[in-house]
């Protein structure tokens, strides 16, 4: 039986923490769908199309990873793509409470969907897209936290000029 997993998120922008989890998940599952969310309650820095394009560029070397944009319920997306695993990253204990509630809701909406929680590597445990954008907005060095392609896109989008 082939197992398809979905790794959902806003990915605004995709960080080294995200790509680490995607690479690790790609070794665990036959197919990993990186599902980039359009969330009307958030004001992303990058448009959905820009986030999908960045992710496609960064993940093209991983054969069993597919990048899509989506809106709507994750449980429905999983059903539409015959995915039975939902990958979620947990950076700290504080993330677990929300993720636990989300896993239970998704299982209620789609009983065939199981959540798998992955912890980041130690070097990525504190990285978040929000922090990366905040540092970049102040011309800080984010090269340790994102791919050079993302750093260039952030510099262009935010009008920053940091370079190493």
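One-based numbering along the chain as shown.
Just so it is clear, glycine is given a Cβ too, placed from its N, Cα and C backbone atoms.
For reference, Swiss-Prot has these:
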BINDING   10, 42, 74, 88  substrate binding site
BINDING   10, 11, 18, 89, 90, 91, 99, 124, 125, 126, 127, 128, 129, 130  ATP binding site
SITE      18  site 'Transition state stabilizer'
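All features noted in Swiss-Prot, drawn onto the structure.
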residue	record	CB count, 10 Å
10	substrate binding site	18
18	ATP binding site	25
42	substrate binding site	10
74	substrate binding site	20
88	substrate binding site	21
90	ATP binding site	16
99	ATP binding site	15
125	ATP binding site	13
127	ATP binding site	20
129	ATP binding site	22
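The two recorded residues residue 127 (ATP binding site) and residue 42 (substrate binding site) have their Cα atoms spaced 19 Å from each other. Residue 74 (substrate binding site) sits 13 Å from residue 99 (ATP binding site), taking the CA atoms of both as reference points.
Maximum intra-site Cα distance, substrate binding residues 10, 42, 74, 88: 19 Å. Here residue 42 (substrate binding site) is compared against the binding-site residues 18, 90, 99, 125, 129, and the shortest C-alpha distance is to 129. DSSP classifies residue 127 (ATP binding site) as coil under the three-state reduction.
Between the C-alpha atoms of residue 10 (substrate binding site) and residue 129 (ATP binding site), the distance comes to 9 Å.
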